[in-house]
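What follows is one structure encoded as structure tokens, with my remarks underneath.
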Amino acid sequence: MIIAIDGPAASGKGTLARRLAAHYGLPHLDTGLLYRAVGAACLAAGGLGDAMAAARIAHDLDLTSLDADALRTAEVGEAASVVAAVPEVRAALLDLQRRFAAQPGGAVLDGRDIGTVICPDAGAKLFVTATSEVRAERRFKELSGRGDAVTYDEVLADIRKRDARDSHRAAAPLVQAPDSALLDTSTLGIAEAFAAALALVEARRAGT
Ligand SMILES: Nc1ncnc2c1ncn2[C@@H]1O[C@H](COP(=O)(O)OP(=O)(O)O)[C@@H](O)[C@H]1O
Ligand SMILES: Nc1ccn([C@@H]2O[C@H](COP(=O)(O)OP(=O)(O)O)[C@@H](O)[C@H]2O)c(=O)n1
């Protein structure tokens, strides 16, 4: 079974994807990390202005060398969102994601376009969301907890700007797939959100 999980920044999709993958014994791919890795490499190479350089970096991306912790900063999130709007970058990352999804037994992938573009035939699709204030609070706690010098207001502004860019770009915009189940986690803790996500996936498996 392929489980596709999409949603805006810090909605909790990665947390749910990891838990669902552990529950079903499936491999998990955090596709945001791919775009973060391309964004970080562009920053290191001098900037985000060269779309073709970004596409080359995406094409040569080595999945085994991703440093997830180093990539989860606000600055890299913003850079990821900029390079993610480049169609050639998305095209360069397409096969890798589809191959991951095609593993025997299935996989869990989370991102922005999994249910719409990468795995349109996924057996279960979730669109995870929460209010921007709740998401900013969660991301603020996460980033300040690891020692990043950010304020709540900066995180909220960053999330709003990134969501707007991700939703309004021409290439694979962030949009809920019509056949996905909506899960709003604004008032749910992690355990409650996981229980709700599991119930939605089980309902899809049962064909209800
Ligand atoms: N339902 C929830 N309640 C409270 N905190 C949550 C919830 N879901 C996720 N979090 C926390 O919010 C932060 C962002 O979650 P994450 O799963 O990384 O989101 P995303 O993958 O959508 O960016 C993490 O620190 C995570 O532990
Ligand atoms: N499938 C995906 C995953 C991420 N992305 C881009 O990559 C950025 C970082 O994604 P992420 O999932 O790591 O971000 P968070 O939701 O964790 O903040 C997003 O803002 C999107 O611009 C995308 O375009 N498509």
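Just so you know, glycine gets a Cβ as well, placed from its N, Cα and C.
For reference, TrEMBL has these:
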- 3-201: domain 'Cytidylate kinase' (DOMAIN)
- Gly7, Pro8, Ala9, Ala10, Ser11, Gly12, Lys13, Gly14, Thr15: ATP binding site (BINDING)
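The ATP site is set by Gly7, Pro8, Ala9, Ala10, Ser11, Gly12, Lys13, Gly14, Thr15; from the centre of their CB atoms, other residues of the chain with a CB within 8 Å are Asp110, Val128, Thr129, Ala130, Arg135. With the fewest other C-beta atoms within 10 Å around its C-beta, Thr15 stands out among the binding-site residues Ser11, Thr15.
Proximity to ligand 2 at the level of Cβ atoms, with a cut-off under 6 angstroms, picks out Ala9 from the binding-site residues Gly7, Ala9, Ser11, Lys13, Thr15. Between the listed binding-site residues, namely Gly7, Ala9, Lys13, the fewest other CB atoms within 10 angstroms of a CB are found at Ala9.
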